[in-house]
2 protein chains.
Amino acid sequence: MPAQSSPPRTDSRPGGRSARVRAAVHQAVKELLTDEAGDALTIPVIAARAGVHATTVYRRWGSVGELLADVATSRFSGDVVVPDTGSLREDLERYAYDLAKDLSDPDTLALVRAIVGTGGEGAGVCRMERQRQLEAIIEREQGRGNQVPTIERAIEALLAPLYYRAVFTDQALSPEWARTLVSHLLPR
Amino acid sequence: MPAQSSPPRTDSRPGGRSARVRAAVHQAVKELLTDEAGDALTIPVIAARAGVHATTVYRRWGSVGELLADVATSRFSGDVVVPDTGSLREDLERYAYDLAKDLSDPDTLALVRAIVGTGGEGAGVCRMERQRQLEAIIEREQGRGNQVPTIERAIEALLAPLYYRAVFTDQALSPEWARTLVSHLLPR
């Protein structure tokens, strides 16, 4: 049978509509998170902003917590290059600087706060990507045969103060401050 | 004019009704925070649970963020005794232990998470009381003429990892772990 001459449907690619719904819903979440109005982030509100049916959102994500985890997965995956300067101290300084900069972005911070607020699995998504990068830096140094702090210690000394300051205080995450965190983890 | 013989109105004491509304609304917030259903915490939902008009809640607190800050003020004020063992290390160990225990309480953790989620002033309320206690411990040691870490350093080394682990991870805040935080702040 010859190909139909009807114009291609925009939905014809598998996942096409699905991908558009996902993009619209993710965008709606990002907009609502930075809205000054501060409306509660609920599935009906998100669906209305995205221009899709609430049932579509419920069916696909189940809850606001799962939806935020999905947004966080897109946001926090793959866009950060693990520093590789050849020096553990410099790698960690660059890492802390990058994370400080990232958490200083109001959009990122709003997403992190909302995820914590839902108390769901999203909080793990936020930090796991960052934790894996830290592990990669430390393991590389270990592979060079050098003494390294444990990953748990590095989390306490770097990740924890950066997230704490971002989420619980109004203080700036300055590059100088981020650097002092490294100097406490690795005293000279 | 002689005193009326009508029975005393329960509203007669200044603040009586107001105090009851506050108690009912605070209780509603606490219940909703630990509800498995995980409904969005909105003023209409809170008001319905408390059995008061939503307008009453709006008029008194303005927003969910301000209401949570008020709940946090009640929750985090005054119920913690600042340790005073005569030794900075022991004071800090007891302090870290108390905070770890407090943040392990699901009700407290749910409140802290919700406050972070609203991104409002409540996050300051959560930590300020704890920060003041830490300041009191350190200043007392300084008053004894001893060397002390800066308060900023103590926040990074104790408060930050405790809050980070509670809010971002599923790991237990064990007493042993809380003690190691102190040992990193005050190496022997």
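Cβ coordinates come from backbone N, Cα and C, glycine included.
Annotation source TrEMBL lists DNA-binding region at A:42-61. Across the range of the DNA-binding region (A:42-61), the DSSP-based residue counts are 16 helix, 0 strand, 4 coil.
If you take every residue in the domain 'HTH tetR-type' (A:19-79) and average the pLDDT, you get 87. Marked as domain 'HTH tetR-type' by TrEMBL: A:19-79.
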